[in-house]
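> Handing you a structure now.
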Amino acid sequence: MFALTAYRLRCAAWLLATGIFLLLAGCSEAKAPTALERVQKEGVLRVITRNSPATYFQDRNGETGFEYELAKRFAERLGVELKIETADNLDDLYAQLSREGGPALAAAGLTPGREDDASVRYSHTYLDVTPQIIYRNGQQRPTRPEDLVGKRIMVLKGSSHAEQLAELKKQYPELKYEESDAVEVVDLLRMVDVGDIDLTLVDSNELAMNQVYFPNVRVAFDFGEARGLAWALPGGDDDSLMNEVNAFLDQAKKEGLLQRLKDRYYGHVDVLGYVGAYTFAQHLQQRLPRYESHFKQSGKQLDTDWRLLAAIGYQESLWQPGATSKTGVRGLMMLTNRTAQAMGVSNRLDPKQSIQGGSKYFVQIRSELPESIKEPDRSWFALAAYNIGGAHLEDARKMAEKEGLNPNKWLDVKKMLPRLAQKQWYAKTRYGYARGGETVHFVQNVRRYYDILTWVTQPQMEGSQIAESGLHLPGVNKTRPEEDSGDEKL
């Protein structure tokens, strides 16, 4: 009887211990942190991306790029630090994203695809782009999908463009194309530009950011409807981080953050055209080296990026020290007599003096702007004032404020500047008529030149990206450049 009771007690103890163990295991499983909680606990948001002008790169001032800026804002929303990781190619990006302990998300100009891949999910879209077939100027232009048959075509391996071509091949079995994981969009455009391949397929935003580096490339036709870019997150049923991402992107769209980033990175592209891009490429080789040291010296003295000063000089005179306009402004920085005297310039035709004087003048204008105007808008406002004068710029700011816009944001004020040339508007201003539309173009051009100079001079540029052009833009005869006098009438 006692033995039976002891046996029952042992069984009860075993069952109790087992129950406690299972209960603890269940509690442990229930308390496993979500993806969002892990990010917040670690204090770091790990984001994987691609190294390209349209996504992420480093310049003199550090990390930058559309995707970087957007991811940085998201990290700030979460109250954590942003850590950027770069992938060698798209397959590598998705592989790292799906591995255990990998990055929290991918922000790399991705279009949702890979429907059969359960290891990845996509957020709400935030930027509409159009896939485009790219060909080389001077070659026969394809106008329809069947024209791709028989052409040398290369696209990024693992991209949505490769999926599009795979679908097209079902309709045209003779279609041939190559997928490569050893190149980036920049490389594909270069290969079309120099004739190594006949065609490629890229998104419209990538082309917009890169076309000026490759002035021979052209759009053949849009390959399908516009699609939205999205962030990618690891697959699974944990929606905590995904919900936060979607809420952030929706708010960024509603509150204008996405529009401001689009303006910053894409709002000033496509302003040069083929002739302007090709000419600038030549002048980078033939003219800038003569004056680069002067720009760098002024930039160092004034604590300003020398490439922005050089961009102003190019917009003003095409880097021609003897340039003269009908209004009497002269020299590489096109200074008036009054400005030259105020800046201590005794000879406007001396390139060193002109660069020093013009640079000093620009920095002075920027320093005198209201403190409420922050960078990068502050530099764009300074460019506008450099061109049109501070008084007219103030008229445009007041006009923006009356319209319910932000007088401290370039995106808003640039909408008002063209009104200064319309009587119904300038009649109500303090300083009257001004060619405000020209000022908008001036700022757009300087920003574009500045972007190009920033990209081609950045120290981290990799061998497969631009380096083959020897830090000069491709599409230019590098062996026998045509010399120019450097002095032309404007």
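Keep in mind that glycine also has a Cβ here, set from the backbone N, Cα and C atoms.
Sharing the record's features from Swiss-Prot:
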SIGNAL    1-32  signal peptide
REGION    33-269  region 'Non-LT domain'
REGION    270-490  region 'LT domain'
ACT_SITE  GLU316  active site
REGION    467-490  region 'Disordered'
COMPBIAS  479-490  compositional bias 'Basic and acidic residues'
> Look up GLU316 (active site) in the DSSP assignment and report helix, strand or coil.
helix
> Return the average pLDDT for the region 'Non-LT domain' (33-269) as a whole number.
90
> Please list residues from the chain of the residue listed as 'active site' whose Cβ is under 8 angstroms from its Cβ, counting only those at least six apart in sequence.
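Listed in sequence order: ALA323, LEU332, MET333, MET334, GLY358.
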